[in-house]
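**Student:** Structure provided below as structure tokens; questions to follow.
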Amino acid sequence: MELATGGAVNQMSILVLNAGSSTLKYALFDDAAKTELAGGVIDWHGSDSSATFHFRTSGTEDSHTLVGSPDYRMAVNEILDRLTANGFDKPVTAVGHRIVHGGPAFNQAVLIDDRVREELEQISTLAPLHNPPALAAVEAARKVFPDAVHIAVFDTAFYSALPRREVVYPLPYQWFEEYGIRRYGFHGISHAYCAKRAAEILEREDDSNLRLIICHLGNGCSATAVRGEQPVATTMGFTPLEGLMMGTRSGSIDPGILLHLMEQHHMKRDHLDEILNRQSGLLGISGVSSDFREVEQSANAGHKRASLAIEMFATRIRSTIGAFAVTLGGIDALIFTAGIGEHSRTLRSRVCAGLQSLNVLLDEDKNQERSADSDIAQVDSTARILVIRTREEQDIAHAAQRLREESS
Ligand code: AMP
């Protein structure tokens, strides 16, 4: 996204916070939630004594080290200080918070009050890795910005429209009813944004039959089948562990493997959790890195397991596209987004190499030179192939702006 010029524009009004287990991403938007004025990330890199503070605004970008343990109050204050020092000193009137899991209760963005705060607290057990840091950031931001409205935007909300056949797992039905074992789906903010943006690019905004397959390929990876901006199927499930192979997450595996490891190798829950969430995927197979660029570099240098990791990664995406094409009864557009989807030409090329049978045809020249939000399909391809730059922060800012207006 183009950043506006710094202090001269000086429209500080909506702040977006996206808290992960050891990062806090932030972005400052103008009052209309149209222009990103500044942004960055505080990254503790798993350390409990220091973090890197990254800041960018128009024309400048820099990083420095912050000393101190992960503490969101300190982090939000640092963000405020840095913004103010750069001339962004208008009051923040709305803070949009990305919350990964909205549980069964939240199917749209909400104003955070004490009741919502309590409900979110209860949902935390559903997403122990993701929700607690976000709630800590909410708590900190409410203290630092007591006069602003605080809004929660959920990754799961987009999927509240998923058909029941996709929501229920083929397990005893009581588990769905009594234990709430069901598919939630994640990355919904990104998938919803891409669906809307694709409809705009294709000039089919009002077409309720527009069939899209969106591949969000970043550190976390998921694919969603969408018809007319409504989700029809998605790969992530009860947790963000299901589905495609990811940077460090396994994606779908035979659950019998876990039973075997517990029984024959006496592996405990926490160990399996660590392996499935942090030691698998691209990292687990390549043994090199979870970062796609590094795995690609190693593969190019002849590293066999790095090549295998990329082949597996691409194959699983391709199989999912095939399955979703059948679910949708055809594809009007295939969309690549997030770090790998937006930037890796070779990955897009590999994925599309298996799609000729669907007459989804990549134009290699356009793939090499692609710019953001462009069509890289051949003219005679049945489906368009779009690379879309995902803008989760902007969507959160829009929701914050809308709810702030409604509540005033
Ligand atoms: P995200 O979670 O969306 O930030 O995406 C992170 C992933 O995108 C990492 O695996 C990066 O290696 C990958 N990525 C970022 N830039 C590139 C690039 N230029 N080429 C290939 N992969 C990239």
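Glycine is no exception: its Cβ is also placed from the backbone N, Cα and C atoms.
Annotations per TrEMBL:
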type     : residues                                                                          : note
BINDING  : N18, E392                                                                         : Mg(2+) binding site
BINDING  : K25, H216, L217, G218, N219, G220, D291, F292, R293, G339, I340, G341, E342, H343 : ATP binding site
BINDING  : R98                                                                               : substrate binding site
ACT_SITE : D155                                                                              : active site, proton donor/acceptor
SITE     : H187                                                                              : site 'Transition state stabilizer'
SITE     : R249                                                                              : site 'Transition state stabilizer'
**Student:** Please name the residue among the binding-site residues N18, N219 whose C-beta has the most neighbouring C-beta atoms within 10 angstroms.
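**Tutor:** The most densely surrounded of these binding-site residues is N18.
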**Student:** Per DSSP, K25 (ATP binding site) is which: helix, strand or coil?
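**Tutor:** In three-state terms, K25 (ATP binding site) counts as strand.
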**Student:** Could you round the CA separation between E392 (Mg(2+) binding site) and I340 (ATP binding site) to a whole angstrom and send it over?
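**Tutor:** One finds 16 Å between the Cα atoms of these residues.
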**Student:** Among the recorded positions R98, H187, N219, report those whose Cα falls within 10 Å of that of the residue listed as 'active site, proton donor/acceptor'; none is a fine answer.
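**Tutor:** So the list reads R98, H187.
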**Student:** Go through the recorded positions R98, L217, R249, I340, E392 and pull out the ones with a Cβ less than 6 angstroms from some atom of ligand 1.
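**Tutor:** List returned for ligand 1: I340.
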**Student:** Which residues in the same chain, at least 6 apart in sequence, have a Cβ under 8 Å from the Cβ of I340 (ATP binding site)?
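**Tutor:** Within the chain, I340 (ATP binding site) has Cβ neighbours under 8 Å at L217, G218, C221, F292, L347.
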**Student:** Between H187 (site 'Transition state stabilizer') and the residue listed as 'substrate binding site', how far is it from one CA atom to the other, in Å?
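**Tutor:** Roughly 11 Å, rounded to the nearest whole number.
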**Student:** List nothing but the one residue from K25, H187, R293 whose Cβ has the fewest other Cβ atoms within 10 Å; the candidates are the recorded positions.
**Tutor:** R293
**Student:** Using Cα coordinates, what distance in whole Å links N18 (Mg(2+) binding site) and K25 (ATP binding site)?
**Tutor:** 5
**Student:** Out of N219, R249, D291, the recorded positions in the record, which is closest to R98 (substrate binding site) when you go by Cα distance?
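**Tutor:** Sorting the recorded positions by distance from R98 (substrate binding site), the top entry is N219.
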**Student:** For R98 (substrate binding site), just count the other CB atoms lying within 10 A of its CB, please.
**Tutor:** 22
**Student:** Give the sequence-ordered list of residues that share a chain with D291 (ATP binding site), lie 6 or more positions from it, and have CB atoms under 8 Å from its CB.
**Tutor:** G247, L282
**Student:** Which one is it, among the binding-site residues K25, R293, E342, that lies nearest to R249 (site 'Transition state stabilizer') by Cα separation?
**Tutor:** R293
**Student:** Tell me which of the binding-site residues E342, E392 sits in the most Cβ-dense spot, judged by other Cβ atoms within 10 Å.
**Tutor:** E392
